[in-house]
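*Asks:* There's a structure below that I have some questions on.
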Amino acid sequence: MNEFYQKDIISIKDFSKDQLEQIFQSTDKIISLDPIDRREICKGKTLGYLFYEPSTRTRLSFEAAMASIGGNSLGISDITSSSTQKGESLADTVRIISIYSDAMVLRHPLDGSSRFAAEVSDKPVINAGSGTEEHPTQAIQDLYTIKKEKKKIDRLKIGIVGDLKYGRTVYSLLHGLGNYDVDVRLISPESLRIRSDSTYEIKQKLDYTESTNIEDHIDELDVLYVTRIQKERFPDEEEYLKVKGSYVVGLDLLKQMKDDSIILHPLPRIDEISTDVDKTKNAKYFEQAEYGKYTRAALLGLTLNENGF
């Protein structure tokens, strides 16, 4: 029995290490399949999507993933052109999208929105970003990238730098890393440290240290995960301007890193990684984006097929 069949994907906390490893194996299988065979996995199935916040990579990644396994996609990517402008509730919109699809992807600015949608929908709901809480499919993509590029996850030193307060990818990644034996360094301005309401739960599974100085750690890291400052989540633009550009990864910083270290970023990038880093062997953020297509294809294949694929 495929334990992922019809499963909502709301939080990375809902996945054990064994389940993550099973998803990674399924992703490897997706990559290895002939494209013709791959398109049989979800042939005739439809993925619905509902984006209440802007998205380029995540939405296109899901669409490309579904197309690669033979399925179709439909939905709303510009909420201003939907019936929500007429006052339609999230619950009703979710129900309508569910009628037309076999599974649904939701991005919404409010915390708890994806879990609420899962209660309303009779089809599996996939969280593509829920307020400041989580982004579980990004974390699966990130963990898979680390494993592919470093050949393991256990016993690595991983630095996460940037906006640790508002960046939802950070929380999902930390919970995912809690399944592994890793040394995590959290590097951010004081005002953007990890939220205190999340530290207790994370510390139950993961040891980490906090710092404001990236140069204190950079030469030890196997993985540097860079995040942008989340301008849209600041209540005051003046506060944003105080921390904008706090950390910039450029060639000078790269020279201090291990030769085989890798640099990741969930994207979009603003100014936190210089473009001259892009062509170095350490830059793996575009490969990371490509892996997202395959990890999401694997998740969809597992979610929509009773016996897997």
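Every residue gets a Cβ built from N, Cα and C, even glycine.
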*Asks:* Do you know which of R38, R39, R107, R115 Swiss-Prot groups with R57, T58, H135, Q138, L267, P268 in the carbamoyl phosphate site?
*Replies:* R107
*Asks:* Can you give me the Cα-Cα distance between R168 (L-aspartate binding site) and Q138 (carbamoyl phosphate binding site) in Å, rounded to a whole number?
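*Replies:* So the Cα of Q138 (carbamoyl phosphate binding site) lies 10 Å away from that of R168 (L-aspartate binding site).
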*Asks:* Between R57, R107, H135, R168, R228, which of the binding-site residues has the fewest other CB atoms within 10 angstroms in the structure shown?
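*Replies:* R57, out of the binding-site residues R57, R107, H135, R168, R228, has the fewest neighbouring Cβ atoms within 10 Å.
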*Asks:* Using DSSP with the three-state reduction, classify T58 (carbamoyl phosphate binding site) as helix, strand or coil.
*Replies:* helix
*Asks:* What same-chain residues, at least 6 away in sequence, bring their CB to under 8 Å of the CB of L267 (carbamoyl phosphate binding site)?
*Replies:* R57, Y285, A289
*Asks:* A 10 Å Cβ contact count, applied to the binding-site residues T58, Q138, P268: which residue has the minimum?
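*Replies:* Output over binding-site residues T58, Q138, P268: least Cβ neighbours within 10 Å is P268.
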*Asks:* For carbamoyl phosphate, what surrounds R57, T58, R107, H135, Q138, L267, P268 with a Cβ no more than 8 Å from their Cβ centroid?
*Replies:* S55, T56, S61, A128, G129, T169, P266
